[in-house]
């Protein structure tokens, strides 16, 4: 019975739960790796060994957090749980494919971990650039295993994307138009389109790298008429949409949380929000070379990518100000979920501002591969994506489990996390402006102070992670059941009870106008 339910599941709620548990577990691994990085950088001198080991840890940290924490939780966890409930569908369009999408991830994770245990590990950075990732600089199976890991994770995401697009387009009740679906449903659909269009390009790039390494092709080797810059174009054509894939479902969740705890029946500027997400999705595909300003692009190419990148600030601004307008004049309930959402809006905006700085190709020449870039993307990921996940988790936890979290503990958890991540990443802006480069395990003494502060901050964040485990335990141990849910008419996922029945609908639902 246990095996039938959890291994062969075709139920969107169970698969969503599996994704959430897998993502939480991977998040622990990713956090452990990040703490190893901060321990190494906590003082000058060597702690763990040479830079190969250090870079293996950095590479694994990136892959684990992106492919096994953020994406499984946001798209697999929240997406599977909420999308069918929000559109009134009995399940996903392809329930068995849904199961396969999940079960491709543990083997993928296993391959990634295996890559670090054989030979010297894949110390390439998450970008896996040749010639460093070639078979001379990285002899042995490590990079090959990492490539296979990415293949599996990519197939998983592509299948999931097909499933979500089909579900959202085809499984709405006849009376529900696309422009009446909740914003989270929109965000997942746009994310799925981005995945569908960008992942095949990554697959092509890493497959060519695989044949360069093992079959003597020369796609990325100038000696045989290849070009390593081609790899960078292929990688970043995936890599830039990927960062929007990581944040867009977060946008959707934040819209729901802000609307709910402002006591509003709908978000401010629904159509503007949809338009903004579609614009961000489209623009995300035509700005990739801003990651490559230092490789010798033509000056007019640099001018184009600078301008195009800055255009993304417009739809992003539409979203930020619409969230603020939703809050405006609302009957605000200061719940932990709203605190996460407010933290998201503030810190994501800071990250966006440093992004505008880096979009300038002339400035990026100086700041590229320094800690300024690390600070920038950790503000939008560690305080954007993660805050959205945490906000979504504490908001929908009663829906998933039927139990409520302890309000005070949850607020304390938010406060500790807020202090921790800011203390970790704010000083890194200063390090970057002073020229401290990324991906080095050691640094000159001049950088010591800010690194010490940053490392202390990382251990404050660790405290928050441990506290979160306690808070979840406390909720299950105390078993405070949900009494009432407000605003159910505009938040239909709550309409079916907390938690909803295993099969939401025994027969198709039709909404009469």
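Keep in mind that glycine also has a Cβ here, set from the backbone N, Cα and C atoms.
As annotated by Swiss-Prot, topological domain 'Mitochondrial matrix' applies to 1-11, 87-94, 171-182, 262-269, 328-335, 401-406, 479-513. The transmembrane segment annotation in Swiss-Prot covers 12-40, 51-86, 95-117, 141-170, 183-212, 228-261, 270-286, 299-327, 336-357, 371-400, 407-433, 447-478. According to Swiss-Prot, the Na(+) binding site annotation covers 40, 45, 441, on the basis of similarity to another entry. Residues or ranges marked as topological domain 'Mitochondrial intermembrane' in Swiss-Prot (evidence: similarity to another entry): 41-50, 118-140, 213-227, 287-298, 358-370 (among others). The Fe(II)-heme a binding site annotation in Swiss-Prot covers 61, 378. Annotation source Swiss-Prot lists Cu cation binding site at 240, 290, 291. The O2 binding site feature in Swiss-Prot is assigned to 244; the stated evidence is similarity to another entry. The Mg(2+) binding site feature in Swiss-Prot is assigned to 368, 369. Under the heading heme a3 binding site, Swiss-Prot lists 376, citing similarity to another entry as support.
Remote same-chain residues near the transmembrane segment (336-357) are listed as 247, 250, 254, 257-258, 260-261, 309-310, 313, 316, 320, 323-324, 363, 367, 372, 375-380, 383-384, 387-388, 390-392, 394-395, 405, 407, 410-411, 413-414, 418, 421-422, 429 (criterion: CB distance under 8 Å, separation of at least six residues from the stretch ends). In the shown protein chains, 15 other C-beta atoms lie within 10 A of the C-beta of residue 369 (Mg(2+) binding site). Between the transmembrane segment (299-327) and the transmembrane segment (12-40) there are fewer than 3 Cβ pairs closer than 8 Å, counting only pairs 6 or more residues apart in sequence, which means the two stretches are not in contact. Just so you know, of the binding-site residues 40, 290, 441, the Cβ with the fewest other Cβ atoms around it within 10 Å is the one at 441. Listed binding-site residues near residue 291 (Cu cation binding site): 368 (candidates 40, 45, 61, 244, 368; Cα-Cα distance within 10 Å). It is 12-40 that, among the stretches 12-40, 95-117, 270-286, forms the most Cβ pairs under 8 Å with the transmembrane segment (51-86). Sequence-remote contacts of a segment are chain residues at least 6 beyond its ends whose Cβ falls under 8 Å from one of its Cβ atoms, and for the topological domain 'Mitochondrial intermembrane' (41-50) they are 57, 441-445, 448, 451-452, 454-455. Sequence-distant contacts of residue 45 (Na(+) binding site), defined as residues of its own chain at least six apart whose C-beta falls under 8 angstroms from its C-beta, comprise 442. For the transmembrane segment (228-261), the most Cβ-contacting stretch among 183-212, 270-286, 407-433 is 183-212 (pairs under 8 Å). Between the CA atoms of residue 61 (Fe(II)-heme a binding site) and residue 244 (O2 binding site) there is a gap of 19 Å. Across the fold, the C-alpha of residue 244 (O2 binding site) and the C-alpha of residue 368 (Mg(2+) binding site) stand 20 Å from each other.
For residue 441 (Na(+) binding site), the nearest neighbour among the binding-site residues 240, 290, 369, 376, 378, judged by Cα separation, is 369. Take the Cα of residue 290 (Cu cation binding site) and measure to each of the binding-site residues 40, 368, 369, 376: the nearest one is 368. In terms of DSSP helix, strand and coil, the topological domain 'Mitochondrial matrix' (401-406) has 1 helix, 1 strand, 4 coil.
Each residue of the topological domain 'Mitochondrial matrix' (479-513) gets a DSSP state, and the totals for helix, strand and coil are 3 helix, 1 strand, 31 coil.
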